[in-house]
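Going by TrEMBL, these are the annotated features:
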- 60-147: domain 'RRM' (DOMAIN)
- 673-700: region 'Disordered' (REGION)
- 673-686: compositional bias 'Basic and acidic residues' (COMPBIAS)
- 687-700: compositional bias 'Acidic residues' (COMPBIAS)
Amino acid sequence: MAAEVMLMNEIEATAAQMGIDMNIDFSSIQLPPGENCGIISDDDDVYHDDQLEFDSGFGNVIVVDNLPVVPREKFEKLEGVIRKIYSQIGVIKEDGLWMPVDPETKKTLGYCFIEYNTPQEAELAKEKTHGYKLDRAHIFAVNMFDDFDKYMKVPDEWAPPEIKPYTPGENLQKWLADEKARDQFVIRAGTDTEVLWNDARQSKTEPVYKRTYWTESFVQWSPMGTYLATVHRQGAAVWGGADTFNRLMRYAHPQVKLIDFSPGEKFLVTYSSHEPSNPRDANRVVINIFDVRTGKMMRDFKGSADEFAVGGAGGVAGNSWPVFRWGGGKEDKYFAKLGKNMISVYETETFSLIDKKSLKVENVVDFSWSPTDPIIALFVPELGGGNQPARVSLVQMPGKEELRQKNLFSISDCKMYWQSNGDYLAVKADRYTKTKKSTYTGFELFRIKERDIPIEVLELDNKNDKIIAFAWEPKGHRFAVIHGDNPRPDVSFYSMRSTHNLGRVAKLTTLKGKQANALFWSPGGRFIVLAGLKGFNGQLEFFNVDELETMATAEHFMATDVEWDPTGRYVATSVTSVHEMENGFNIWSFNGKLLYRILKDHFFQFLWRPRPPSFLTPEKEEEIARNLKKYSKKYEAEDQDVSMLLSEQDREKRRMLKEEWEKWVSEWRRAQEEEKLERQKLRDGEASDEEEEYEAKEVEVEEVLDVSEEVLSFEE
């Protein structure tokens, strides 16, 4: 510190000798308007957003009326009550709560002003607390401060409202009409989030939109790809547009940690968990459900973390996620939550419980909805030491009618898997052996769409095999199971339709000793990737289930994720930042050909943009599949044009390299000629530049362009 003072004293002394006044008011120095000295500020975007959010007049101020009128000695107590109520909804600014006092009586006037950080928080506070009953005599009347100006300008005589001309909004599905029929994906690496086209024909990506610090934790597509959601300290936001990504709506929820869309994209669920003031208490959980388009909060749920921690497969701080599971298909009619000895099912018309009461199920531990129908499958474990068997029940909503029940004996664990069309339900049941010292696994297969919902039991050839993975074929009748012991388990394929279609499950084949621990079906079925993630170092096998043959084997070293694009044409494998090396992603064709690879440091996320369901009928899709050659001629011609363009680009690249080489040789020959006399002088006049005899040889290089195998049958 002393050295700094001495240095400053020296500077001031030198300035005094030179006649320079060091008492400068730097805040008074202003650049001319529009001048930035060629340096663009990094804060412009942030400043613009902040102005939109905070500099909005009095849009973030509410007026709360019908408060108790109290003397000064009770003023602090009333202020504490009001602050406690309204600080739960949003962040109140410092000195943002003001209760006027009558100067004569020294009592409050029965109303107050509250200023929030954002207009969204103020709107939410008005919506949540208007009509709030503090006690019998005091029911809050809450208005936005800006509304008073509007009310004061109401004319004495009625006039018909002005009819504004219709202005169409942006086409949020424009990306689906891409002329090249490409798909988009989003990636997060470092501080950047990018949306890109997958231009597989050109073996590269094409940028769509890029933004730094677009989200504070993760991004998530809505189920049909209309919106991209981002997460921030103040809440969540959704983005979309015809040609770029504009912010469409914000959802105020301080410290939001998780989000979830309903299947039909109508609603957004947000979740936060807050530390208690008393360390012995459980975390406080807040869950809000918003209308995606309007941003209006439809319902909120609050409670301790213990209330939301029943069942589920994982989440934050021991809580399962999603807490609410959606049912009824794309119509978003119902959502449900697992509770102690009950399942609470809500309908979205009123956001209240069906029949105003929960479905009582003693000791229920898990449930799941059919992907297409309002049917709940629930699991109840054994009770009374095995005297009361475990059971799986199917319950129809909204009538809560039990459609089918299956009792299960000696059950240690159970997991339910729905087929994507809701045609089948597979229940993986882990059972104890007679000695209770070990377990074995079997499957209970429900045929949901058939009369009386028949159930079939399936046991593996070796019923002691451990089940590593299970997956239904999307929109199909087949399923795959990885079973056995690591490091080389087996993979078996089954069909719910036997050869003679007798309604019996049939095994198609078993692949022995595969380095796989995960299954990834193509969205269109037929093809599957057998992946060895984590300990298997990214082994990949692309398998055709129709032909029961391997199309290709490959490796993406240390791969952590595998995801098919929504059309089933391409597969992305990625290495995220859980590994320090080789971060980035690979794009493969459906049959296992590596198309291109992109490396990205600190790579966090890769997500294909989902597509909405096709408007084509199943019959039309089947007709297109039968006449695929007719439809494919157009695309084959386009592929040929692209191939010719790539060949032309390749030839142009080789020509330029050849010209560059010849130019380099020519320059060296010219330099050699210019220095010839100097070299002769150094060699005492001896000329040694004549080329020695040489022999030219032609070398042929063969390149394999394609390899095909054909099995020929020989008749004796």
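Including glycine, each Cβ sits where the backbone N, Cα and C put it.
Just so you know, TrEMBL annotations never went through curation; they're auto-generated.
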Segment confidence, the domain 'RRM' (60-147), expressed as mean pLDDT: 91
The compositional bias 'Basic and acidic residues' (673-686) - residue tally per DSSP class, helix then strand then coil: 9 helix, 0 strand, 5 coil
The domain 'RRM' (60-147) - residue tally per DSSP class, helix then strand then coil: 30 helix, 29 strand, 29 coil
